[in-house]
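Enquirer: Take a look at this one; I'll ask things after.
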Amino acid sequence: MTETRPNRLLDAIDTPSDLKGRSRADLKQIAAEVREEVVDVVSVTGGHLGSGLGVVELTVAIHSVFDTPDDKLVWDVGHQCYPHKILTGRKDRMRTLRQGGGLSGFTKRSESEYDPFGAAHASTSISAGLGFAKSRDLQNKDNHVICVIGDGSMSAGMAYEAMNNAGADRSRMIVILNDNDMSIAPPVGAMSHYFSRLVSSRPYRGLRRIAKKVVQPMGLESPARRAEEYLRGFAMGGTLFEEMGFYYIGPVDGHDLDTLLDLLENIKAMQDGPILLHVVTQKGKGYAPAENSADKYHGVSKFSVVTGEQAKGAGGPPSYQKVFGQTLAKLGETDDKICAITAAMPSGTSTDIFGKKFPDRHFDVGIAEQHAVTFAAGLAADGMKPFCAIYSTFLQRGYDQVVHDVAIQQLPVRFAIDRAGLVGADGATHAGSFDIGYLGALPGFVCMAPSDEAELARMVLTSLEIDDRPSAVRYPRGEGVGVVIPDLLKPLEIGKGRVVREGTSIAILSYGTRLQEALKAAEMLAAQGLSATVADARFAKPLDNELIERLAREHEVLVTIEEGSRGGFGSFVLEHLANCGGLDAGLKVRVMTLPDVFQDHDTPAAMYDQAGLTARHIAARAIEALGRGDLSAIERLASA
């Protein structure tokens, strides 16, 4: 529950309608209290802090002026939605944010009528908003559609595809560009430079006095220049957005609540065509530790409100991300053709480790996965050795490029697929569930998954040495298992797995980091006198057919397990066994995958338990297939 404090106006705000009729002074106090609440909440739950702090005044202004949920408010990505949730009937549940059974960290249709469209991936808001606008027109309704998109999301082509459509169609909608010059990493590319020019170009001296009436000082080097650029563009039609058919207003101070309220009231009354309001905000606004941090506290763990110091976990093995980055950087010392590519995630993927050593060979292309893939293909086509590091969930955005530009041409692009499997607090939108199936379907691809951090290091080297076709290594978020990574790495033999424990009646074939759970399951089975072989597949493509056939021939039961959806590794194994006659002698096969649902957020451990992919689940499936053994004993061992 949110703590009730004396004289706190926010306690009386249950829905946006409670903002109506409030004085400007009240709204400013409510904004200050929302900012304080966001800091308090995220200090307890962890999450995305800086983005929300930057849009507090904008959020209060939008909900004060417009009539949500009848007016449709679509947030891009959703990192900045915490103030919105506080004002739309969810403030009493904010401390469940990103917790199992609690509020999502993003907008979510099933959570509230004030979330008309779910978000988590970038650059979708304008397309969705245009859909709402056209639906409104076709149904002869009269509501407004407002999309809020950050400058980082404007590096993706989808945003411009939607603007091109909306501008040509003259659809009545409002796009608010939240320009904080900071997505997760600093924005890159020509569009980022364009926004910078918009807010810093040489002022027209004759407009200075008028400009200062539009935007009051906000602590920037020359605040009036932002408004002057708008006035210059208004008079001369001089902005990219106007060329695309939008009526452009801005840049304006996104923290000046009076200006925002006045502008939005005027914009609300405009009835012709699409409008783009360009607001300039400061990520982390109002909380000094965030303002002074390089990443503006984009994503944080629990922290002290007083000092801003984030909680640190107990020291443990290095993360898979760090192992990838360190291995690539080490290989880069002896091979100057290695390049690293990331789509706005240099620190998340740890390509920044490589980039610090070799800045000329490190490319952050912004939120542009399609471009990242084909850019890597171009590098590979001319003899370079690109590693394209992208989260599994985001690689989906560039799948056509993977097929058309990489796979068909058999170009040796090396994909480092981060955040494979279940990721925890970010939930279904960020789960890396599908890459095993969608890459395994492509002719010629080499698909690998390590069982531990040493295996990952070897697979990075193995990818480097594959120079005649594309390859991919998938690995999860989080720490390794604590094995030692040898100084001298040796590449793997392509398409060959390994047996890590020999047994007789049951075979467990693991692809990826569920191997540790498979070994625990083997111990549980051994406690009942059941002998289990445990094998590490290493490759989903090409399969180790010799190993699979041996496991089928020498055991009564074969269980496959993977951190991916149906239609992946287990399906490949089953298809091979069916075609080679491996099922003809009565082998019992059980395929263990992620369930056929989109799982809600929770801790990764809880999510894998819900998915049925822990040691006790593996042992239970083996006993069920074998037809002997004590299932209740497995439960007792698991809870011991």
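Every residue gets a Cβ built from N, Cα and C, even glycine.
Here's the feature list from Swiss-Prot:
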{"type": "BINDING", "residues": "H79, A120, H121, A122, G152, S153, N180, Y287, E369", "note": "thiamine diphosphate binding site"}
{"type": "BINDING", "residues": "D151, N180", "note": "Mg(2+) binding site"}
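I'd like these features described in context: how deep, what's nearby, how far apart.
Expert: Less than 8 angstroms from the CB of E369 (thiamine diphosphate binding site) sit A343, I390, F394, L395, R397, G398, each of them six or more residues away in the same chain.
With a 10 A radius on its CB, D151 (Mg(2+) binding site) counts 22 other CB atoms from all the protein chains.
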Enquirer: Just give me the nearest neighbour of D151 (Mg(2+) binding site) among the binding-site residues H79, H121, N180, Cα to Cα.
Expert: N180
Enquirer: Using the structure shown, find which entry in H79, N180 (the binding-site residues) has the sparsest Cβ neighbourhood within 10 Å.
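Expert: Least crowded of the binding-site residues H79, N180, by Cβ count within 10 Å, is N180.
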